[in-house]
Every structure is written in structure tokens, then in C-alpha cells.
Amino acid sequence: MVGYDPEARCVSTVEAAAAGSASGLVTRVLISPLDVLKIRFQLQIEQLSSRNPTAKYHGILQAVQRIFREEGLGAFWKGHVPAQFLSVGYGAVQFMAFESLTELVHNVTSYSARSSFVHLVCGGLAACTATVAVQPVDTLRTRFAAQGEPKIYPNLRHAVVTMYRTEGPRTFYRGLTPTLIAIFPYAGLQFFFYNILQQFSEWVIPAEGRKGGNIKNLVCGSCAGIVSKTLTYPLDVVKKRLQVGGFEHARAAFGQVRTYRGFLDCMRQIMREEGSGGFFKGLSPSLLKAALSTGLVFFWYELFCSLLCALKSPDSTGRKEG
């Protein structure tokens, strides 16, 4: 199980960080195309509908075909290098912090480290810590995924130097406020629902039938990702809009562009011009991504932790089966 468990402890904090990094790396390779689609949809001002002739993207299939036709297959992995730095760094910090926080709760409070409420709070705090650590990379990833052809930033080094010289160091933390506001409940709910679903599965599935632990981890993680993403999605849209501020010239080929003065101004403009539906643009690919990414992250994390336990002690049973 994810989180500190005094009865089945065999993974150190450093090993948890390594497992988190590995799970983030593998997952990112698989879900990158959905991430690009989600970002393109979130940044489009026009309604995502075929009835709107000015809209560049109408839906998932149409967007896939158009991106492939105009930009080639590689476009679905635009920004993949900074995205991998993001995934590896985020996974390491998040799971290391989560394991440390749940252990701290177990040692200094009367709360159980296996409590769903503890996982909610510790998951949110761990994600905030990871977010602050990797926010500059997230901003770079968003800009690479958002730019069309010809590219404004041909490579990562050029992007970092150009952004620093023309916009200053604060540009790497654009959208940090809505990110932190969104990430605490989003990640907290991921860990919360994952914990509840794991406990529920143990209650529903008899002990003799618990042989597909890895598949169960994947399903529980996917369901947790869908619920948490739906509840916190509007803040993710605001974050993406703010991250491309000052980058409007690279968005001209995609349709209308807007300049936002901050978090509240962005929310006001979206509501006034696009309605409440504007806060849910890109929800479909985002839910697909959330289901796959969250499920795969927990799946790979549990698997890598089990492998680390097995390598340390071949006779050890390691962690209790998910």
C-alpha cells in the first residue's frame, strides 16, 4: 500500500523517491499525447465545437488528425524533455514527502498512518512541496506543448535563456497560485480515494481471491484520478492560461489570444467570454489522461516498491499486497 505502514515497512524514504521517479518516467512516455491534446484544448478561446467555424480544434479525433497532418507524429511529444524532468522530479519529491509525512503522523500523533483523512492531508502537502520544486519545468513543458509551427523555442536551452532575458525569472512561476490552490485538493483526493478504494476492495474481495494485486492498484488509481480531476479541473484551466502569458505571439495560428492580469482576472474573462463551460475545456482528454496517469503512477510505484523489497530480501514478503 502507498504510505507508511509500520507492519510492512521495507522501503526507505530514498527508495520511495526512486520508485516515484521511475513511475513518473514510464507513465509520462505513455500519456504524453493526451497531455498535448489537453493543453491545446485548454488554451483555445473559441468553443470546442464543429459548429464554430473559427475553432481550430473541435474534438479529440479531429484534433489528433489535424495535429498529425500539420505538425507530424512528433508533435504529440512536444515538450517531452521538460515533461520528463517534471515527471521524474515531481514523482520523487511527492512520494518521498508523502512517505515521510505519513510516518511523521504515525510517530507524533494519535492518528493512524493508514487513515484516509491522513492520506488526504499528507497527499495534498506532498504535492504542494513537489509543485514548488518543479513549477519552472512545468511552465517550460506547457510552452513547448502550446507552440505551433514555426517553433518559437527550438530547444530547451533556448527557451530558458529567452524567457529569462525577456520576461525575467518570475515567468518560470507563472500560474503558481492557481496551481497550489488546485494541487492540494487534487493530489489529496487522489491519495484519499485510492486509499478508500483499496480498503473497499479488501472488504469486497475475499482473501483467497486477491491474486491480481497489480491490476487492482491500476483500477483503484484510475478511478481516484477521474474523481479528483473532475472536482478540481477549472483551476487547471486557469493555470494553463496564465502559464502562456507573454507567449501570445506563438499562439496566433491557433485562434484568439487573451492577456490576463492574474488569477481572478483570468477567471472573470473566461466566465464572461466563454461561460462556465470554458472552465471545462479539454476535460475529455484530461479525464483519459487522469485515469491513465494516476492509475499507472500508483501501479508502477507499488510495483517498483515491491521489486525493491524483493531485491533487498529475496525471502521477504515486502509490503502487504495492495
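Think of each number as a place in line: the chain as shown, counted from 1.
Cβ coordinates are placed from backbone N, Cα and C, and glycine is handled just like the others.
Unlike curated entries, TrEMBL annotations are predicted automatically.
Quick look at what TrEMBL annotates:
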- 11-104: repeat 'Solcar' (REPEAT)
- 114-200: repeat 'Solcar' (REPEAT)
- 172-193: transmembrane segment (TRANSMEM)
- 212-307: repeat 'Solcar' (REPEAT)
Tertiary contacts of the transmembrane segment (172-193), as residues 6+ beyond its ends and Cβ separation under 8 Å:
2-3, 94, 98, 116-117, 119-128, 131-132, 135-136, 138-140, 163-164, 221, 223-225, 227-229, 231-232, 235-236, 238-243, 245-246, 263, 266, 294
Tally of residues which DSSP labels helix, strand or coil - the repeat 'Solcar' (114-200):
73 helix, 0 strand, 14 coil
Reported mean pLDDT - the repeat 'Solcar' (114-200):
88
